[in-house]
Structure formats: C-alpha cells, structure tokens
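Presented below is the structure to which this report refers.
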Ligand code: GAL
C-alpha cells in the first residue's frame, strides 16, 4: 500500500460546553491511560480513554452526532450583548464558548509500522487534541493547519478502539469579525510507509517561462522514519491536468539517514506550456513516486501547480504572463448564510464563481490564511489570491503560523502575493518595521517567487515600515490622496490599493432605516475612511501605479454591522449579501470589470402611496448611452459617464420602467423593472439540478416570492417553509437581512425583499431529492434534484 489520505469528517460526537478532561492521570506523566487505570465510572470521555471496547452507542444524551465541517456558533441564539467578541458586535451577537468533539475509530492491524497522522485544516480556535488519552498538542490559531503523528499511540486491530478527543476553546477571538467556533474545516487521516514525502514536502516553481518552454523545478523532501538509513529513488512526473498526459519526468536517488529528511531537486522541461491565468486556469500536476531499495513504490504524492509569471512595477501596475492586468479584487471573510464558517467545498467554489461572474479576478483572504479548498477552487476556477497572515507577530508562534501558511500555499498558482498583516497598530513605527522585516525575510526564504505585502492603514511612511515589504498595501489610500501623493514622494515604491470602498448598502433597501438598521443601496454611505465604489475604481483607472483595488468586501459577513449595532448582526460592506444575492453595486462593478454588456436599473418600482413623488432612478451600464422610459414615455437619453452611473428623478407612477442601452447608436440591450402585484407564488432557482451523491455536495437554491405574473415582489417578506424528502438534507437557510434574528439552522425562513436561500446537501444515499417550498397564501413550488 502506498499513501492514503482519507476524510475524517464524518461521525463525530459533539458536546457544547466544557468537560473536565483528566488526560494526565498521574502527576508527572505526559498522558496516556492504560486499560487498568480505570477512572470514575460514568464519565463517558474518561471511559472512552481507558476502555478498549468502548461502544459509540453508549454515549450520554447531550452528545450530538455531527459531520465536519462544523460551526457551533451559528447554531446559537442572538444575544444583545456588546461584549461578545473583541469589539461590540464583532461576533455577530452570537455566543462563542467551549466545545468538545470525540470520534471513535478503528485502525487495522495491517497498519502497524506505518506513519499515521491526523491533519486539521483549521479549528476555531485554541484546540487541544488527545488520542487514546495521550496529549498530542495544542494549536491556538483558528486559521492555520496542524497535524499530529499518531503512530505510536494508536490501538491496532484487536488492541482496541481508538478515541480522538478535541477540546476547542473559542472564548477569545482572533479578529473583529465573525469567526465561528469548532472544527470548521476538514480533518484528514493520512497513512504512509515510513519512507515517504514529508508533510508539505514538495515545492514546485517555474524559474524560466517562455512561450515555447518552461523549466519546472521540483524540490521534494523525503522523510525516512525508519531507525536505519534507507535508499530512495524519487521520480517526478509532470502531468497536464487537462489531458492527463505526462509531459516530462526526472528521477534521482540517494541514501537518507535514519529518522532524517533529504531534499531532492529535479528540473523538468515543459514544451509549449499552457499558462495559468484567470481566463485560462490551466493546471499541471507533479506526480512524485518514491521507490525503496528493492524498486518497490512506497509513496505516491500529487502536487498541483501552474505555470505563470508575475511582475509588479512601480508605475505601470501588475503583469501576468507579461501582459498588464488590473487587480479587480474583493476582500472576504469566510462565512456564508446557513453554515457560518463551516463551508462545504461546493459553497466555497460557489462564492468564487459568483465573484468571477462579477468580473473580479482577485480574492484577498482577509485577514487570515484561507481554507486549503478555497485555494484549490481559486487555482481551478481562475481567481488570483492575496493570501494573508493573521498577525504582525514574530514570536515563535507567530513565525510558526506564518510558515504553515507559506508551506501549505506555495504551490498554488492562484497566490500572487503574501500579505504579512492588516492594519496593525505598530504600522509606521520602528519596532513594527523590525517585526515586519522578520516576517518578510522568513517569507522570502521559504518562497522567493512571490512578493510580500502588508495592508497598511496606520501610517505608510514612518519608521521604515513600508520598506520592509516588496509591495506597499494602501488600505483606503484615497483619503486626502495619500496614495497619489506617496507615489510622487516615493517613486520607487510598488503600491496596491489593498483595501477600498467599505461602502455600506442593504440589498433592496433605498431609504435609511435606523430602527431596523438598513442602509440605502445607492452606495452613498461609507465610513470616514471609505469611499463610493465609483471613487474606488476611478482612482485605479486614473492611477495605474495603484496596481488595482481590492474592495471591502465581496460578501456581507457576520459581525461589524457598521454603521449600526444591534439589531444588526452582520456587515453591510458586501457587494453581495451573506447569501450571495447581488446588491445594486454588483452591477456597477460588473459594468466596469467585464466586457459583457451590463444595464441595470435601480431601485425597484413598487412605491405604492408615493405617486407623484420624485424617485431617484440610477443606471449602471457600460453602454455608450441609455434611454429611460416610464410606461412607454421617454424620459430622455443620456450619454454614459465612464466608470460612473446615470440618474433620473422620476415622478412615481406604477407600471414599467424600461432602460435601453446603446452602443454606437444601436440599441443593444433592454432592461425592465415593473411594479409587481401582491405575492402569489414561490420560485425555486437551484444553481444545479444534479449534484454528486457523496454526502458533501450542495445545491444552492435561490428562493423568490413572485406575483401571479411571475414578477419578483421586491418588498415581499413571506415566511417560506421547506420540506425535504429523499437523498438530501437542509443544512441551512438565510435571507441576507442584516437584522434578522431567525436561525440559519432551520427549515423555514422569511424572504427579505423578495428573496431567501436554502442550502441542500446530499446525504450520501442514492436517488433524488425533492424540495417543497410553501407559505400561507402562496402557490407551493417543488423541485427535484438528481444525485449521481
Ligand atoms: C478596515 C479593516 C477591515 C474592516 C474595514 C471596515 O479598516 O481592515 O477589517 O474593519 O475596515 O471598513
């Protein structure tokens, strides 16, 4: 057998709240409990540690069965307590606390002698892991991966059952946004022979890239965990992932001392390389095979990579594969409606797809390293990534977390720069500069192929701070033209608009509502440090040296309900809401970020009782000119102002607003917004009608309330009840309402301005999934999802 890496996500038992875990029975001992050292009866955990024949069925009642990824915070009730989290409202008014996970598992006798490890992609946060009563370790950061070698402390075959226990203490926070609680990313059980590729043991770079060939350099660290030296033959085969064909290969070998590592370096020539870019996310793979002295293959390891070049300039912006490319980015935290931070892989990919459809090409993982599956999705779908370290911290733990981010991420072609920190208070100081320099140096040593950056806000020019990174990030640099002025003063500085806009809007809301905490969607409200989307983008268009902008944020997220607090529980910064429903500003970005013709009218046209009042109508478009008509009467044609919007003040009368977009004087596009009648029916709009039958895949179903004519009712707030049958489960609901205190873990949800969302996951069984949506007074709708 060669390497296996199996999901360890299913069938955990979870207990919310603290449990005294007596892992070290005798003072002075590291841990580990033998079967004769029985502790107090009745404490299931202790019994689990000592009793070889523990039966998962004998679990006390308050343990619930969960599958990972899991976020217990999102299951809680909203509490008006401003002290929850690091800043008022930062955890979205959801309590955090302590939780304990346990999983009982078998390891076959045949696995004795192998190296067996458990890898956690991310646990929020401060987790301690015991296996069969042995303390494996504590990992504080909720954003970096960690693994433990379990080989010595496992029970093999009839030695007994194995129990892993994970205590998670999420009482303290690491950020000022919703971070969730629990084992919210995947867990993997990996088994290898004792001679194997080390953890994160390959590093693939492309030092030479031309149109006709590329040198692919592969450094492979092989670990010999035997107590005698071992001979290894390492073969690296480069495979085109699209065709599956091997395009080149290289082998070398040598002796590796006992309990040691050795790094082998190979170069493989790839002819006519297919370059990775957001438009053509072409991927290659290195297949590493390790043979022992008998020629037997003892390990096979896969590394995905891409061939591409990146260049950042002081004056002309960014070049990908030698061609200029403006960074059209969004900053994002992790969470999503219905699931908190425990995103199934499909939801991660769904979010990236939505951002891509808008024309965004860059994702800033703010302010922490991303989930590995997000990096995979960005590689695959074509989204560049600014991968960010959580803190400005050069303590041993800080460096350790930075290294985990770098080793884990450095083969991903999507990552184009490493951000060392965001808005730390030591920015602009000499002490801060020393710390930042250390982080930058560590990063350059581990990955010299990408520049370092930092997202600065507290002083760009003091203490030599900005000089400690390759690219200086300007968060909200448009304030007093700081970015433009600095470009003149520091002409050798490479700059990026690392964070911008922070414009607050609520989907489908066009008037301030301080009681319910809603911000009008016109895009005119932003904090003192922010600006309108139009200003943020125009800045870059006028100042190419800015490299691009990374808008705060792509999606609303829980916490930071600026400009309000309770009853608001989530932010308003998103271009899309927490469900991924576009707000009006989405169409602004799409109009300036894509070449697709865009024509968008706002607001809706349901203003009953306001007949004759002037309503401000706005158009986002990339046409040359737009004509607006109300009930077939022209309100005039206006020439589009590039990177801006058009506006009309229209006396309200019910009916239909029509916008006609012209290119070169030819009408190319028409959009209508009509007054909807009363709610009459439900519409279900799944993102796909066939999903994988793997217990993981998710169908994202947009739910709308429509009138009898099928027009979405933009003010509808009907509560929709979902009933599911067949091979799927409802894993969450949402509606994007920043002040809704309904639970996301439910089978019902009110619409918010016409829409809500339901997430349905395959339960692993064969067959179809039927979802029925009903609501008092509305025609019921049912859809069928196939599983394959
Ligand atoms: C930035 C900060 C973000 C978020 C944002 C809100 O300064 O980096 O985390 O707080 O402000 O506008």
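From the backbone N, Cα and C atoms, a Cβ is placed for every residue, glycine too.
Keep in mind the model is a prediction, meaning the values are calculated, not measured.
What TrEMBL records for this protein:
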DOMAIN    97-192  domain 'Glycosyl hydrolases family 2 sugar binding'
DOMAIN    202-308  domain 'Glycoside hydrolase family 2 immunoglobulin-like beta-sandwich'
DOMAIN    314-390  domain 'Glycoside hydrolase family 2 catalytic'
DOMAIN    398-457  domain 'Glycoside hydrolase family 2 catalytic'
DOMAIN    612-666  domain 'DUF4982'
DOMAIN    682-784  domain 'Glycoside hydrolase family 2'
Mean of the pLDDT scores, which run from 0 to 100, over the domain 'Glycoside hydrolase family 2 catalytic' (398-457): 98
Winner by Cβ pairs under 8 Å against the domain 'Glycosyl hydrolases family 2 sugar binding' (97-192), considering only 202-308, 314-390, 398-457: 314-390
Secondary structure tally of the domain 'Glycoside hydrolase family 2 catalytic' (398-457) (DSSP, helix then strand then coil): 29 helix, 13 strand, 18 coil
